[in-house]
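The feature compositional bias 'Basic and acidic residues' is assigned by TrEMBL to 681-701. Residues or ranges marked as region 'Disordered' by TrEMBL: 677-701. The transmembrane segment annotation in TrEMBL covers 48-68, 75-92, 112-133, 154-174, 194-217, 273-291, 325-342, 354-374, 610-631, 643-664.
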Amino acid sequence: PSCFGYPLSIFFIVINEFCERFSYYGMRAVLVLYFKYFLQWDDNLSTAIYHTFVALCYLTPILGALIADSWLGKFKTIVSLSIVYTIGQAVMSVSSINDLTDHNRDGSPDSIPVHIALSMIGLILIALGTGGIKPCVSAFGGDQFEEDQDKQRSRFFSIFYLSINAGSLLSTIITPILRAQECGIHSKQRCYPLAFGVPAALMAISLVVFVIGSGMYKKVKPQGNIMVQVSKCIGFAIKNRFRHRSKEFPKREHWLDWASEKYDKRLIAQTKMVLKVLFLYIPLPMFWALFDQQGSRWTLQATTMDGNFGAIQIQPDQMQTVNPILIIVMVPVVDAVIYPLIKKCKINFTPLRKITVGMFLASLAFVAAALVQVQIDKTLPVFPAAGQSQMKIINLGTDNVTIKFEQQAGQVNIMPLDSTGYMTFDSSRLQSLNITYGNNSETTNILLTEGKRHTLGVKNDVKAIAVNLLLDNTTSKPEEGNNLIRFINNLPDRVNVTMGGTSFGNLLSLSVSNYELFPGGRKDKITVTRNSVTCSTTSKAFGFGSANTIIINECSGGEQNVTYSEDIPPNTVHMAWQIPQYFILTCAEVVFSVTGLEFSYSQAPSNMKAVLQAGWLLTVAVGNIIVLIVAGASKLSQQWAEYVLFAGLLLAVCIIFAVMAYFYTYVDPNEVEAQLDEEEKQQAKKDPGISEKQAEADSQM
């Protein structure tokens, strides 16, 4: 059955691919934040495990291709590995259910190892599934066409690539929205089970759709794997060359010619072409090392930025959508506009030059990321190091106050209801302060806890000076653009405070509440009850990622007076500043990734495509392993420095590649094949027996 001149079975395959990519990219989009916020890993561990997972996803395709070609055939491989995949997604979803181990119902899992174990099992199954299917689905689609349908077949591959990007685009938008919801049985949490559950459901749909089309597919029997033959041929050549290493044996033109005792000329010629291309692949992993950090480092960078786009509030993991949106726009633009323009300028923009330009652009993108990071670092708070403490002083009184630090020279003057920033002291050396209001002066002893921040409230009463030293339990900037809010009661009586839907309980005079988390970018109603009289006001908008202390003052005519003191400044660098680096990296991807595979296929015989595809995916896997090694080995404490390091490494590799490309001579596999055919015909005339052997050898390939 056919439809628009295409086999009907194609539509099942395209829908299957769309769902599978939606499932994969959706899960991957929220993965690094799941590690960081749910499993409570630090940035480095989250990045490391993320890249290990991506590397696995690109190593397993080689396994998938072997299983399909040598044993199960493509159809059975796709079905059986999709089942594994669906189970993996489901396990992942279960692993993120907070209530699974949260027995005391405090909103965080009691036994994190259970969640870690489950999610690791889930990720391994997903890596097996997605990797195993990857090489089979597109090839299986290609199998559905007849020999004379070349035009439809190439159009199918374009539609196929679009469905991949459409799937990844939609899921990168939708999954983070699901993650940002609040859900849970006993306590409200970020909704990771939903963010992983929807991809799991889509994977199940993908499997069902694929099986429904079963009757319509053209199923080609497994014909043995070309990779196995190529590897055997190379292995034999090396062994044979080693056996004949003494001087008396004549040299051969190419080391692969040492395989000619056992393998026919055609396989050797084809293997030479493949190895020539694979040699060029050696520098390519460095590109992927940078490219795949969009999902790890760049997403973590976005968590420290301001995501307020006017009407909509962007989640940090949604910034990754810039990539698929741009791809969908850029691929046609580059093909239809940019390449023809370059051609008009009489520049010969060969595939290898395109790949070199792609590498150069990717290293530029990381320079851009480093520049953004430098701006972000300026806004990040500095916390006390070992042996140090920090203290900010709030003047809760009605007059100016002067505070002298004993043992550590220096003093500060503070206006009424004003505060200093955090000042850093050696914990052991600062032991007492001299506080002066007008003529009234007194000295108090204080004890600072090492490595912590403190707030000192001072107030001039009629009789004496009230001093209250409070320990701040913040050790980092609030995550995900949330704000931390706490209250100081500057009234003589006890008060009850609520803000938004959160109650801060009863506060004694001059005491401070704990910090509570509030979502960023909104204003909340503050209600204060004192001796059964209630006053209220609306807070100011706090931006994203700040910590604030709100001082409760007297109430006038039902309107509560409050004063704000900022403990940690909000994220001020806007997420839109990430767009340039995404744009440059997407341009790099368009000239690098699309060209790379096309070039590979044009430089090797058609039956060797599987070997090249495996090689190409291997470069992606190795790239992700490079991230692990570089990020682990470089003990760079500054994130911007790590970006610059990666940019520098890729630039160096880019120069090496340019040199390799300069010495590369393009071949036309069809000519080589024709030449071999010609030689065989000549041979057959001389010796009719050979051609039968040859035919037999060909049928085995």
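Cβ coordinates are placed from backbone N, Cα and C, and glycine is handled just like the others.
Across 48-68, 75-92, 325-342, 643-664, the stretch most heavily in contact with the transmembrane segment (194-217), judged by Cβ pairs under 8 Å, is 75-92. Two recorded stretches are said to be in contact when at least 3 C-beta pairs lie under 8 angstroms, sequence spacing 6 or more; the transmembrane segment (325-342) and the transmembrane segment (48-68) fall short of this definition. Listed stretches 75-92, 112-133, 354-374, 643-664 were compared with the transmembrane segment (48-68); the greatest number of C-beta pairs under 8 angstroms is found for 112-133. Between the transmembrane segment (643-664) and the transmembrane segment (273-291), the number of CB pairs under 8 angstroms, six or more residues apart, is three or more, so the stretches are in contact. Packing against the transmembrane segment (354-374) from elsewhere in the chain are residues 283-284, 286-287, 290-291, 297-298, 301, 573, 577-578, 580-582, 584-585, 587-593, 595-596, 599, 639-641, 643-644, 646-648, 650-651, 653-654, 657-658, 661: each is 6 or more residues past its ends and has a CB under 8 Å from a CB in it.
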